[in-house]
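J.: Here it is, the structure, as structure tokens.
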Amino acid sequence: MTMTRTLRRSRPGVAAALALAASLALTACGSSEPASSGNGAVVTQDEDRSLYKGTEVDTAFAKPDLRFTDTEGKPFDLRKQTAGRTVLLFFGYTNCPDVCPTTLSDLALALREQPKDVRDKTDVVFVSTDPDRDTPQVLKKWLASFNKDFIGLRGDLQQVKQAALSLGIEVEEPEVHHDGSVHSSHGAQVPAFLPTDDKAHVLYTSNTPMKSFAHDLPLLAKGKQSTTAK
């Protein structure tokens, strides 16, 4: 299955477009080379005046109907329990040595810079792509090292893969190497769902600077959609 979305960059330029296209590939955590992606994301070179540092998509992604279990072992309905809130959704795993901790650290730092009203309206939701090893206790402790309010979810891996693919994000089966290390190739995009319509109009790639998250969080909390909105 190939997922296609047209992406509008907030900063035009061929170099930026090529970098974006590369970053949309699957990220093999701990690997020096990204795996190939079948997402089919299309980058356009228009000079829109986006409010966002992140990447706007022409057709917004619906929030997935994701019903998993949180780190307390309680059922968690993503649509129901985050309705009307800003949600930044990330798929990854606790043994990831690079992209996952870097992204969560940047999100935690960006949130720390926000006023209380923005923080109170924002959820960072992390869905494990390695639920067999990411036990509730392991996941809770790991997320708390970034921010105790980050939400960790676990579920059947096939359902995780389906939920991710509905957002154009590919997740592959974890591989356990002979040395005991675990590698899980997964898309590193972070879709941001607005509180106004519970859809993702903006996404962030693995090379997004912390300052870009910090810049965009207040806009996301206000539910800004239009590239020309004031």
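Cβ atoms are placed via backbone N, Cα and C, with glycine included.
Just so you know, TrEMBL annotations are computer predictions that nobody has curated.
TrEMBL lists these features:
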type	residues	note
BINDING	Cys96, Cys100	Cu cation binding site
DISULFID	Cys96-Cys100	disulfide bond
DOMAIN	57-208	domain 'Thioredoxin'
SIGNAL	1-27	signal peptide
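Burial and contacts for the listed features, if you can.
T.: In the structure as shown, the Cβ atom of Cys100 (Cu cation binding site) sits within 10 Å of 26 other Cβ atoms.
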J.: Just to confirm my parser: what is the rounded mean pLDDT across the domain 'Thioredoxin' (57-208)?
T.: 94
J.: Around the C-beta of Cys96 (Cu cation binding site), how many further C-beta atoms are within 10 angstroms, looking at every protein chain?
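T.: Taking every protein chain into account, the count is 24.
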